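Have a look at the structure below, then the notes.
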């Protein structure tokens, strides 16, 4: 379906109706030009089904990961503590998935308070995820490249680091909590997005560029640096066991980037276009709007993928899961002995003990 948009009022109504849940901001600049807008978007029922599956898989998988790590208290490593917090963040976000699913179908019917809270949870999940992965990369870099027991081996320091990550993630996410509002224009579904008032372009630049610089780009550079030197050390020293055990961490980082990097790149392109750093055309505007919808779904999918990684390539996770079942009498000791896979302990390899 195509709609001729000839003034700001019509455009505003169309955007709220068709892109109610897109994170991209509606164009409100004075020089906004009329466009022939293509409103064909992803099938909302398919999106609802995807969100429902993500909710179920994430709820089950991340709860299981937390149980396995909490049960293996005696041999819990520093990386396990970080991954425990990562599972907590994904589980917290998963609890909001039913709300996102309903909003795709009916618009935002939950009011402004829940609009603020759910948006805050989404951003906290994103920032805490990449900051925790950056901390893991630093820990592995110091432990393998410099072959030393880092200060983070002290359990109480790890807890303070995790608390600091949660606090920083909350600070970086506060703009979404402060500025998100629900609007219900006539003949249109209610929407939840930032109300920036005047000077929209300036505030959009601040709210997008600064948090993503400190909460995404810088942690990403830290990860690339640390894992680059870590991989070089592993290959040069022929540390076979450490290399195999590091597969889980590398897989977690790779999946995070595959899920969230496309969304952030599209969001950056949208910001540059809306602030006139790059030329804005009707075709480019429509392409970016569609890309925001698609890549946001990919980002949401991330919350259920880490447990799948642990189950398929995390030897110690499978061992910990079987051990937990045996302790509860759900499987026999003989079954545990026969099916338990060989693991690499953190004492000999200095890698995650439970995953």
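Glycine is treated like the rest: Cβ placed from N, Cα and C.
Not measured: the values here are computed from a predicted model.
For the residues 21, 187, Swiss-Prot attaches the annotation N-linked glycosylation site to 21, which does not rule out the feature elsewhere. When the residues 7, 186 are compared with Swiss-Prot, the one annotated as N-linked glycosylation site is 7. With respect to the membrane, Swiss-Prot annotates residue 104 and residue 192 as residing on a common side.
It is 115-138, from the ranges 115-138, 331-354, that Swiss-Prot records as transmembrane segment.
When the stretches 74-92, 160-184, 248-270, 291-313 are ranked by Cβ pairs under 8 Å to the transmembrane segment (115-138), first place goes to 160-184. The list of residues near the transmembrane segment (160-184) in space but at least 6 beyond its ends in sequence, with Cβ under 8 angstroms from a Cβ of it, reads 16, 81-82, 85, 108, 110-112, 115-117, 119-120, 122-124, 127-128, 131-132, 135, 152, 190-196, 207, 211, 214-215. Scored by C-beta pairs under 8 angstroms, the transmembrane segment (291-313) has its highest count with 41-67, from the stretches 41-67, 74-92, 205-232. Taken residue by residue with DSSP, residue 192 (disulfide bond) is part of a strand.
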